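Copied over from Swiss-Prot:
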- THR187: FMN phosphoryl threonine (MOD_RES)
- 20-40: transmembrane segment (TRANSMEM)
- 42-62: transmembrane segment (TRANSMEM)
- 89-109: transmembrane segment (TRANSMEM)
- 123-143: transmembrane segment (TRANSMEM)
- 215-235: transmembrane segment (TRANSMEM)
- 242-262: transmembrane segment (TRANSMEM)
- 267-287: transmembrane segment (TRANSMEM)
- 301-321: transmembrane segment (TRANSMEM)
- 322-342: transmembrane segment (TRANSMEM)
Amino acid sequence: MVFRIASSPYTHNQRQTSRIMLLVLLAAVPGIAAQLCFFGWGTLVQILLASVSALLAEALVLKLRKQSVAATLKDNSALLTGLLLAVSIPPLAPWWMVVLGTVFAVIIAKQLYGGLGQNPFNPAMIGYVVLLISFPVQMTSWLPPHEIAVNIPGFIDAIQVIFSGHTASGGDMNTLRLGIDGISQATPLDTFKTSVRAGHSVEEIMQYPIYSGMLAGAGWQWVNLAWLAGGVWLLWQKAIRWHIPLSFLVTLALCATLGWLFSPDTLAAPQIHLLSGATMLGAFFILTDPVTASTTNRGRLIFGALAGLLVWLIRSFGGYPDGVAFAVLLANITVPLIDYYTRPRVYGHRKG
């Protein structure tokens, strides 16, 4: 009789994986609630579309590979992938975009590598980057937060815009994106980058409606604080470790502070970097993915710091206003190298 030796890991704990994924899904509730509050019902519709698409895509691949569909879907990883992608895209993006991004994330970025535990890149961020590169206009068409919006779509209008491109009264995305100053709005990070390139001073930019009276932009600072609250709860539940979020946020804050001190007229202040865009979502929910992050404590600190540095560089000097997704994927590439040089020394072995 011939015994085959399978590749590691040799022990699997389906219940533990399912529990951690469920905790992460529960921790996302404050962030989702904040996005619903400031950006409307479109976020919920996108989550539903992404969740159904993720489950169907994963079930299809598992069926083709003749693996147990029910047992694998119970680990909740497909749901989490769909959720993370859905909250990362504009709430009123066309329905086919979130479906396309989710299917690509699950089938190409996850199952093509062998499924959960085998993928080297974060599937949700792969899906996001594919959409961003392919459809940059739709992926950057965020609504203004309700506090500065002229037109606030209801639940029915949100569904109609997502599936047809227009509200019941005939309004389109250009109408819905108008702010109280009559100007089409963008995210705080996008507004800052575009305005600096147009020659506006930071002092002028901070007087815009999206920044006026705010630390880091209307709506967005509260969304980030909500994701932070969910992340702290994950730490308390010991579902994630502190190394990656802390090193990521400290590095981002340090780089932003130094940059702002040296060039206050062209670079954003640290609070804008920390409380705008996908900062807290990335720190606690994306970078901490146990499959694609470093596996040693020292490695996690390096991994988080590298991602923080990359986010600041992309936001400050790159072509995209946020940069979290690109930073995550670039950091994922370095994980084997980081783990190799930070692996703990075996007891009894002398140092190289």
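Even glycines carry a Cβ here, placed using N, Cα and C.
With pairs at least 6 apart in sequence, the transmembrane segment (242-262) and the transmembrane segment (123-143) have fewer than 3 Cβ pairs within the 8 Å limit; the two do not touch. The list of residues near the transmembrane segment (242-262) in space but at least 6 beyond its ends in sequence, with Cβ under 8 angstroms from a Cβ of it, reads 231, 235, 268-270, 272-274, 279, 282-284, 287-288, 293-294, 297, 300-309, 311-313, 316. Using the rule of three or more Cβ pairs under 8 Å, pairs at least 6 apart in sequence, the transmembrane segment (215-235) is not in contact with the transmembrane segment (42-62).
When each of 89-109, 301-321, 322-342 is checked for Cβ pairs under 8 Å to the transmembrane segment (20-40), 89-109 comes out on top. Ranked by Cβ pairs under 8 Å to the transmembrane segment (267-287), the stretches 42-62, 89-109, 322-342 are led by 322-342.
Packing against the transmembrane segment (42-62) from elsewhere in the chain are residues 32, 35-36, 68-69, 72-73, 78-79, 81-83, 85-87, 89-93, 95, 98-99, 101-103, 105-107, 110-111, 143, 153, 158-159, 161-162: each is 6 or more residues past its ends and has a CB under 8 Å from a CB in it.
Listed in sequence order, THR140, TRP142, GLY217, TRP220, SER276, GLY277, PRO321, ASP322 are the same-chain residues at least 6 apart in sequence whose CB falls under 8 Å from the CB of THR187 (FMN phosphoryl threonine). Through the fold, the transmembrane segment (89-109) approaches residues 35, 39-43, 45-46, 49-50, 53-54, 57-58, 60-61, 78, 81-82, 119, 121-124, 126-128, 130-131, 135, 138-143, 153, 158, 161-163, 165, 173, 176 of its own chain, all at least 6 residues removed from its boundaries and within a Cβ separation under 8 Å.
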